[in-house]
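Student: Pasting in a structure now, in structure tokens, and then I'll have a few things to ask.
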Amino acid sequence: MPTSPNHSEDKNSTGFPMDQEIDNDTGDPCDDAMTRSYNVGKSYETEIKQLELSGPSCSEETLPLKERAAVQVDLADNLELSAPPQDAAQAGRAVWGGKIEFLLTCVGYAVGLGNVWRFPYLCYKNGGGAFLIPYCVMLAVVGLPCFFLELSFGQFASVGPLTIWRISPLFKGLGVSMVMVSLIVSVYYNVVVAQCLYFLALSFTSRLPWHDCSHSWNSDRCTDFIQANASSADGAGQNLASAMLAGFNCTFNSTDPETKCKTPSEEFYENHVLQLTSGIEHFGSVNWFVLLALFIAWVIVALVLLKGVQSLGKVSYFTAIFPYLMLTILLIRGATLPGAAEGVKFYLTPVWSRLADYKVWMEAATQIFFSLSCCNGGLIAMSSYNKFRNNCQRDAVMVALINCGTSVFAGLVIFCNLGFMSHQKNVPVGEVAKGGPGLAFIVYPEALTHMPLSPLWSVLFFIMMATLGFGSQFSIAETVLCALQDELKAKGLIGASKSHSILLRLGVCACLFALGIPMTFGGGMYLLNLIDNAVSTFPLLVCGLCEIVVLMYIYPYRQFAEDIKLMVGGKPNIYWRANWMVVTPLVIVVLILLMIIFYEPLTYGSYEYTQPFQLLCLLIGVFVIVWIPVYALYKYCAEGGGILLKEFLKPAEEWGPAQLEDRGEFLDNLAKTTNSLDGTNNFFQSKLSIAAELQRAASKESGLNRIRTHTNSFSQLQSSGSAAHLTIYDQHAIAAAANPQAAAAKCDRCDTSPGAATPDTQQVPFASFSLGPQQVKEDVQTAV
């Protein structure tokens with residue numbers, strides 16, 4: 001059935017069944033004229049002209065409100081309506097090709113490089129197996145509640161992380177901050193992915209280039225640990241650092257970078273891949289090979305996201321499943337190496353005394369929070385493409401557990417190989433363990449060089465790393481693209497055509513590639529580390545806290561629980577409610593305070609940033625979150641001041657599910673559950689007129705039933721003395737819906753004078769409620 005295009009928020013559009021004639025004569029010339037105009041037959045424009053020229057006629061600018069209400073109900077009695085989507089942002093919105101695509105994409109998004117290079121290091125650093133206790137506790141009280149909160153939030157509204165804050169327009173700056181985080185992360189995260197691609201390309205050789213110290217990028221401090229240990233007869237069974245003192249001018253345990261020995265893989269990464277300078281003050285020159293890899297990485301991202309989730313969902317089958325295959329293969333290989341058992345023992349042996357250290361709990365909370373990718377808009381964007389009735393609660397639990405299980409599983413893979421390294425070097429496992437990029441680009445590649453068929457294992461490892469990186473990068477970039485596309489569509493700045501979407505996506509990817517170019521210079525790693533520390537900690541916690549406050553206390557929880565019930569069939573249980581309303585925000589507040597109180601100067605390895613760059617790091621973090629108060633201040637000053645401040649906290653008129661039948665049920669629930677004066681006043685004053693409600697009805701009967709529901713709610717308000725807070729327009733419209741014949745009988749004439757009103761007829765601008773002749777004409781032409 002044809003539907004009309006989207007119009008502005010002050011006009012309602014209606015779809016018409018073809019060749020269906022309306023005949024509901026009330027005896028009133030106004031109603032007759034309006035009815036004749038809806039005889040959707042052969043001569044549409046003739047009917048419109050007859051309506052505009054007939055007398056007495058209804059002015060295009062004004063029409064008695066009671067008559068309009070009667071006309072709308074008359075339409076409901078004679079038309080089977082088919083309405084367009086809620087707004088331009090939701091029109092023609094793509095959905096996942098299947099449930100499995102959404103789950104795999106979420107897994108690929110949450111399971112990233114940090115699961116491989118950060119969690120294993122934190123585990124051994126903070127008490128081995130004992131660290132799993134605070135890790136699981138923080139999963140239960142922080143990670144899982146935030147994860148489910150965002151999945152349900154995005155799925156309910158079916159819009160991106162910018163547009164979704166119509167739930168409380170005063171906090172739209174929160175959406176800006178979230179998208180800002182994702183935008184910045186997408187810039188530097190793809191640089192790391194580009195480094196993986198470069199390592200992968202160099203692995204296709206018979207001898208890995210970081211195998212020995214015979215290359216131009218090696219210095220006189222380059223020393224192969226294992227060869228040196230083997231060549232020193234006195235060093236057998238000794239601490240390797242002591243063995244090296246016998247024949248080398250450097251020591252492995254030195255804190256002075258000028259006298260510390262370096263491995264071939266370490267020098268390959270720092271001197272050849274990064275071309276690392278002495279500090280961020282000396283930016284050096286560009287590494288053209290890494291720049292080329294970055295370009296290729298962004299081309300891959302652009303191609304995958306060209307069609308949005310339709311293409312992303314298909315690619316996720318590979319990006320989400322392949323890393324597990326590689327991890328399993330590497331675990332089997334690592335478990336057969338000498339020393340692997342010692343590595344696993346070191347990884348899992350609990351040190352219970354560490355549980356008394358608050359830093360252990362703090363690092364467990366931050367790791368859970370960030371590994372699940374909460375509060376940067378990504379989960380909202382991914383779930384916004386779900387079907388409305390999808391069980392997002394089950395999805396949240398499943399993906400969160402998979403993510404945490406992957407972290408533990410990856411730790412086994414890593415420590416099997418670290419145990420092998422410690423066995424080869426004859427040193428404790430703790431001396432070869434590192435965290436961060438150093439584990440992926442220095443320690444593990446070094447272990448690979450001492451395996452048989454080392455190039456093969458290197459290829460497999462870096463394919464896995466690149467796949468993990470792309471799995472997260474696709475979703476991070478899609479978050480930015482989804483937010484911009486939805487917002488621009490909602491404002492009418494771009495159309496809904498595929499060509500507009502493709503051009504926007506290509507343009508954004510090109511801009512993000514350009515922003516990443518400085519990070520391919522010699523000082524680029526210092527810049528990357530600075531920005532990563534600025535946006536991936538404090539700002540996300542602030543965004544998470546604000547998001548919980550808005551949804552639990554401003555929206556509030558009662559209505560949010562009803563929204564979840566509408567989607568999954570049941571309200572959240574006491575576990576979710578207790579965490580959302582008390583435990584999770586309290587933990588986040590404690591984390592924020594601890595970060596402020598125990599702030600440590602920013603470093604990269606042994607390099608400590610100077611004061612100007614320490615300040616720059618803080619300013620970037622503030623810049624990301626300052627949009628929250630800035631936008632609220634703008635809303636306060638530019639659009640009404642304190643008088644409307646309370647209204648800006650309430651949902652905008654466009655808030656709600658995207659699909660028509662789901663939106664109808666949402667309005668029913670809103671009318672039933674909203675008992676307070678403020679909520680009901682907000683509902684009826686949100687311009688959800690009788691015509692708009694009828695458009696969302698699946699049939700004549702369901703539409704009238706919904707109107708009667710709203711009428712009953714109004715009657716309850718009227719009996720409690722709260723009806724005065726409704727506009728006169730709302731009161732007349734609801735009364736007309738309750739008794740259309742009586743309302744039509746009272747319409748004894750149509751006043752054609754602009755702005756005129758009789759004692760018993762209230763007039764308001766035509767466009768604010770009903771369908772004017774011009775609107776009818778547009779809709780009929782669309783239907784044709």
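For all residues, glycine too, the Cβ spot is worked out from N, Cα and C.
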Student: Of the residues N386, N390, N391, N403, only one is listed by TrEMBL in the Na(+) site with G108, A110, V111, N115, S371, L468, S472. Which is it?
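Tutor: That Na(+) site, as TrEMBL gives it, pairs G108, A110, V111, N115, S371, L468, S472 with N403.
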Student: For the feature transmembrane segment as recorded in TrEMBL, pick the matching range from 102-120, 235-253.
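Tutor: Spelled out, TrEMBL records transmembrane segment over residues 102-120, not the other listed ranges.
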Student: Please tell me whether the transmembrane segment (174-201) and the transmembrane segment (502-528) touch - that is, whether there are at least 3 C-beta pairs under 8 Å between them, with each pair 6 or more apart in sequence.
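Tutor: Result for the transmembrane segment (174-201) with the transmembrane segment (502-528) is yes.
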Student: What other residues of the same chain, not counting G108, A110, V111, N115, S371, N403, L468, S472, have a CB atom within 8 A of the CB centroid of the Na(+) site?
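Tutor: So the extra residues in range turn out to be V107, Y109, G112, G114, S373, T406, G471.
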Student: Quick check: in three-state DSSP terms, what is N403 (Na(+) binding site)?
Tutor: helix
Student: Please indicate, using numbers and ranges, the residues of the same chain that are 6 or more beyond the transmembrane segment (132-153) and have a C-beta under 8 Å from a C-beta there.
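Tutor: Tertiary neighbours of the transmembrane segment (132-153) are 123, 164, 355, 360-361, 364-365, 367-369, 371-372, 374-375, 379-380, 382-383, 392-393, 395-397, 399-400, 404, 408, 544, 547-548, 551, 563-564, 567, 576, 579-580, 583-584, 587-588.
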Student: Could you check which of the binding-site residues (A110, V111, S371, L468, S472) sits closest to C213 (disulfide bond), going Cα to Cα?
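Tutor: Nearest by Cα distance to C213 (disulfide bond): L468.
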Student: Between the stretches 318-340, 456-481, 534-557, 578-599, which wins on the count of C-beta pairs under 8 angstroms to the transmembrane segment (102-120)?
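Tutor: The stretch I would name here is 456-481.
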Student: Is it true that the transmembrane segment (318-340) and the transmembrane segment (578-599) have 3 or more CB pairs under 8 Å, sequence gap of 6 or more?
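Tutor: When sequence-distant Cβ pairs are counted, the transmembrane segment (578-599) does not touch the transmembrane segment (318-340), since fewer than 3 lie under 8 Å.
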Student: For the transmembrane segment (456-481) and the transmembrane segment (611-634), check the count of CB pairs under 8 Å (sequence separation 6 or more) and say whether it reaches 3 or more.
Tutor: no
Student: Give me the non-local Cβ neighbours of V111 (Na(+) binding site): same chain, 6+ apart in sequence, Cβ-Cβ under 8 Å, ordered along the sequence.
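Tutor: Result: A320, P323, I402, N403, T406, L468, G471, S472.
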Student: Apart from its near flanks, which chain residues at least 6 from the ends of the transmembrane segment (286-306) lie with a Cβ under 8 angstroms of it?
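Tutor: Answer is 190-191, 193-195, 197-198, 201, 273-275, 312, 315, 470, 473-474, 477-478, 481, 502, 505-506, 509-510, 512-513, 516-517, 520-522.
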